[in-house]
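Features reported for this protein in TrEMBL:
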type	residues	note
SIGNAL	1-22	signal peptide
BINDING	Lys40, Lys93, Arg168, Asn208, Asn212, Tyr235	succinate binding site
Amino acid sequence: MRKSIFVVASIAALALVGPAAAQQPIVVKFSHVVADNTPKGQAAIKFKELAEKYTNGKVKVEVYPNSQLFGDAKEMEAVALGDVQFIAPSLSKFDKFTKQIQVFDLPFLFNDIAAVDRFQAGKQGQALLRSMESKNFLGLAYWHNGMKQISANRPLLKPEDAKGLKFRIQASDILAAQFQGLNATPQKLAFSEVYQALQVGTVDGQENTWSNIFSQKFYEVQKDITESDHGVIDYMVVVNAKWWNGLSKDLQDAMKKAMDEATKVNNDVAGKLNDEAKQKIASSGASKIHQLTPEQRKQWVEAMKPVWAKFESAIGKDLIDAAVASNDTKTN
Ligand code: LMR
């Protein structure tokens, strides 16, 4: 009797272990360059949790923050090679794949993140998610970070204050032109190298969101930050299109659901995390935060806006017009 109970129990245990052991989860890597305590960092963690839940464990998501696995220079290539499945680069970094997405880099284009959101949700914004399919990149979602602030080791109150300084920029020709227009020197650098470049003085200044300035400690090596809100840093979550299209419909649906909910989490926390980061920088006393008067702001707009005309034909006037229209809350 004892023996037969043992045999029955063993068979039952085998029946449980058998199919589970045969079904190894698909391991999916999500690589990004920022810290966990940022909008993108939090959203990637949320996506992992939900994707594993909605696929009933058929997919296991490994999140690699802080350029741990791949930095700016290599992450797109890694997606193309299938070494990583999900990345969420800043929109500025798609420069070499399509000029259209560069619309987001035009200075003083969007009044605020709500306008960016309206543009992304509209017809043109949604079409951009598929604009790199011929390069095998498929956009699944936009994630917000926030508006950019400009910093250096001197107060930047008028555009002339930037003259002669070297600014780190993301790999975008529009951002290069923006600083050239100020008679400053742009220097393209990977995100992971910015802190050190500021610390040793390879570059004098940079532009970024409050959450990045705080979490990467840029404020410790920049004495002055101007709340300029002159541009936007947002992301597109992209996958290798061939890999994605080869997944079963069930897995795609489950991961899309996880992505939609993670996107909502991202967009709900982005404003709050940036506000908190700004407060922490202000109370650290390490860096002085400067506000622009309306007159000073007008001067920055005048100094940076010529970039629009330079890139209009590459981006497309229709796209620029649609982005401008998204500032109007009445028609959107
Ligand atoms: C940067 O390179 O400055 C940022 O785009 C990094 C990021 O992903 O927010």
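Just so it is clear, glycine is given a Cβ too, placed from its N, Cα and C backbone atoms.
Feature map: TrEMBL annotations on the structure.
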{"residue": "Lys40", "record": "succinate binding site", "DSSP class": "helix"}
{"residue": "Lys93", "record": "succinate binding site", "DSSP class": "helix"}
{"residue": "Arg168", "record": "succinate binding site", "DSSP class": "strand"}
{"residue": "Asn208", "record": "succinate binding site", "DSSP class": "strand"}
{"residue": "Tyr235", "record": "succinate binding site", "DSSP class": "strand"}
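Checked against ligand 1, the binding-site residues Lys93, Arg168, Asn208 give Asn208 in sequence order as having a Cβ less than 6 Å away from one of its atoms. Residues near Asn212 (succinate binding site) in space but far in sequence (CB under 8 A, at least 6 apart, same chain), listed by position: Val34, Thr38, Asn145, Phe191, Phe218, Ile233.
Of the listed binding-site residues, namely Lys40, Lys93, Arg168, the sparsest Cβ surroundings within 10 Å are found at Lys93.
All protein chains shown were included, and the count of other CB atoms within 10 Å of the CB of Asn208 (succinate binding site) stands at 25. The Cβ of Tyr235 (succinate binding site) lies under 8 Å from the Cβ of Lys40, Ala88, Pro89, Ser90, Leu91, Tyr142, Trp143, His144, Asn145, each of these being in the same chain and 6 or more residues away along the sequence.
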